[in-house]
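These features come from TrEMBL:
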type	residues	note
REGION	435-459	region 'Disordered'
TRANSMEM	39-57	transmembrane segment
TRANSMEM	69-91	transmembrane segment
TRANSMEM	97-117	transmembrane segment
TRANSMEM	137-160	transmembrane segment
TRANSMEM	199-222	transmembrane segment
TRANSMEM	289-311	transmembrane segment
TRANSMEM	323-341	transmembrane segment
TRANSMEM	347-365	transmembrane segment
TRANSMEM	410-429	transmembrane segment
Amino acid sequence: MERNFKNVLIISFGFLLLFTAYGGLQSLQSSLHSEEGLGVASLSVLYAALILSSMFLPPILIKKLGCKWTIAGSMCCYITFSLGNFSASWYTLIPTSVILGLGGAPLWSAKCTYLTIAGNAYAEKAKRSGKDIINQYFGVFFLIFQSSGIWGNLISSLIFSQASNKVEQSEENLECCGAYDCTTGTSNATGSAEPSSSLIYTLLGIYTASGVLAVLLIVIFLDQIKSDQAEAEKERLEAPSFWATFLATFQQLKDKRQCLLIPLTMYSGFEQAFLSGDYTKTYVTCALGIHYVGYVMICFSAVNSLCSLLFGKISQFTGRKLLFALATSTNAACIAALLLWKPHPKQLAVFFVFPALWGLSDAVWQTQTNGLYGTLFEKHKEAAFANYRLWESLGFVIAFGYSPRLQVHTKLYILLAVLALAAVTYGAVEHLEERSSPRAPPAAAEKENVGPLTQDTHM
């Protein structure tokens with residue numbers, strides 16, 4: 001097996017193991033720790049810490065440690081969050097959320113940098129287009145990585161399905177589910193049964209072990225980059241002072257295109273936060289029970305994983321504009337339908353339709369938005385990817401921050417407004433790109449605009 005592709009697989013399976021644990025925990029936070037909004041508060045703090053991390057940590061750690069050890073060290077930060085859930089309280093979840101947030105930005109920036117360098121290195125050796133190889137590498141990464149949601153949520157649902165204290169919801173309680181919920185600010189208002197401590201500890205033990213295996217895989221099998229390109233990356237990461245490094249993320253905002261991409265990037269955080277924080281609690285847990293959360297999120301992850309690979313392939317022929325239009329229309333239709341739908345256990349299939357369509361849209365937001373960043377800001381990858389993490393994280397912080405205080409229908413209207421703004425500003429970016437290369441034929445220009453599929457997700 002070619003060495004660069006072997007490293008792609010190692011990173012992909014390392015992220016698969018790590019996010020099998022984190023993804024499963026994130027989906028359960030709002031349902032598992034609903035007292036005083038502890039679950040969503042921990043996620044809000046997590047992404048606030050990620051914002052601080054995005055400002056200065058990625059260039060510093062990648063320069064000092066290299067991509068491999070930055071990835072390994074950052075993964076350890078994720079493990080602490082699993083440990084904090086063993087005794088969930090404001091004194092354990094909040095500090096471990098901060099630690100995870102600080103490790104998040106370096107993890108994703110190092111991964112993006114590593115795979116981009118590996119793709120360019122192989123393209124140079126094989127005398128092929130660098131962008132084509134990078135697209136293939138990230139397509140493989142996303143296919144493997146996005147499936148983490150399947151395994152993490154399958155584990156949680158199988159374990160919680162063992163509970164013997166499941167509760168059938170009354171019609172009166174079901175009236176509190178959906179867009180016009182009446183559970184805001186309350187704890188377990190619908191009377192749904194919570195899993196036993198032994199089941200929770202079993203789940204957390206499996207998640208923690210999965211994170212440890214991810215670190216071992218990276219430490220033992222991933223090659224440290226030693227190519228000339230890696231050395232050039234290190235030289236480019238050199239900063240004259242700490243404050244110059246600290247401000248690198250904000251200096252990227254001098255580019256008008258970066259500013260116009262802020263609403264689109266923030267929307268990625270809003271829509272993911274809604275699905276994992278509000279849909280899982282107010283629709284799924286409220287009407288079906290917590291043991292169904294994993295199955296519903298498996299549907300989201302499976303569609304997301306397959307569409308990520310599919311869009312990586314067809315973007316070369318359709319261009320990103322058509323894919324963005326598809327995601328925008330799909331998400332808008334879902335939001336409108338969620339405003340009207342009253343969830344009921346008899347409509348079991350509908351609970352899976354929404355995450356499936358959401359997964360299709362999210363595959364576009366993740367792959368194509370990150371690919372857009374990689375194409376537009378090729379000479380400033382770390383600063384651009386740090387901006388991506390910063391603004392996406394701000395979307396998470398805002399969405400999780402107001403989650404315990406607003407009713408779901410209000411959150412859906414906010415989501416729709418941000419989506420509309422993102423569509424307008426993204427169109428402005430495409431217009432600027434077309435004006436900057438007026439001599440390129442339309443078809444060629446569209447193909448040129450298809451960038452590397454760099455994530456990320458799901459933090």
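Each Cβ is built from the backbone N, Cα and C atoms, and glycine gets one as well.
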**OP:** Give residue numbers and ranges for long-range contacts of the transmembrane segment (69-91): same chain, 6 or more residues beyond its ends, CB-CB under 8 A.
**Re:** 11, 14, 18, 21-22, 25, 32-33, 38, 41, 46, 58, 61-62, 97, 99-100, 102-104, 106-107, 109-111, 114, 200-201, 204, 207-208, 211-212, 214-215, 218-219, 222, 224
Original post:
Which listed range (39-57, 97-117, 199-222, 323-341, 347-365) shows the maximal number of Cβ pairs under 8 Å with respect to the transmembrane segment (137-160)?
Top reply: 199-222
Original post:
What residues in the same chain, six or more past the boundaries of the transmembrane segment (347-365), come closer than 8 Å to it by Cβ-Cβ distance?
Top reply: 142, 146, 264, 267-268, 271-272, 275, 279, 283-284, 287-288, 292, 295-297, 299-305, 307-308, 310-311, 323-324, 326-328, 330-331, 333-334, 337-338, 341, 457
Subject >> Winner by Cβ pairs under 8 Å against the transmembrane segment (97-117), considering only 39-57, 199-222, 289-311, 410-429 >> reply: 39-57
Original post:
Who are the chain neighbours of the transmembrane segment (410-429) in space, where the CB to CB distance is under 8 Å and they lie at least 6 residues beyond its ends?
Top reply: 179, 257, 260-264, 266-267, 270-271, 274, 278, 324, 328, 331-332, 335-336, 338-339, 372, 376, 395, 399, 402-403
Original post:
Taking residues 6+ outside the transmembrane segment (289-311), which of them lie with a CB under 8 Å of any CB in it?
Top reply: 23-24, 27-28, 31-32, 139-140, 142-143, 145-150, 152-158, 160-161, 163, 166-167, 192-195, 275-276, 280, 323, 351-352, 355-360, 362-364, 366-368, 453
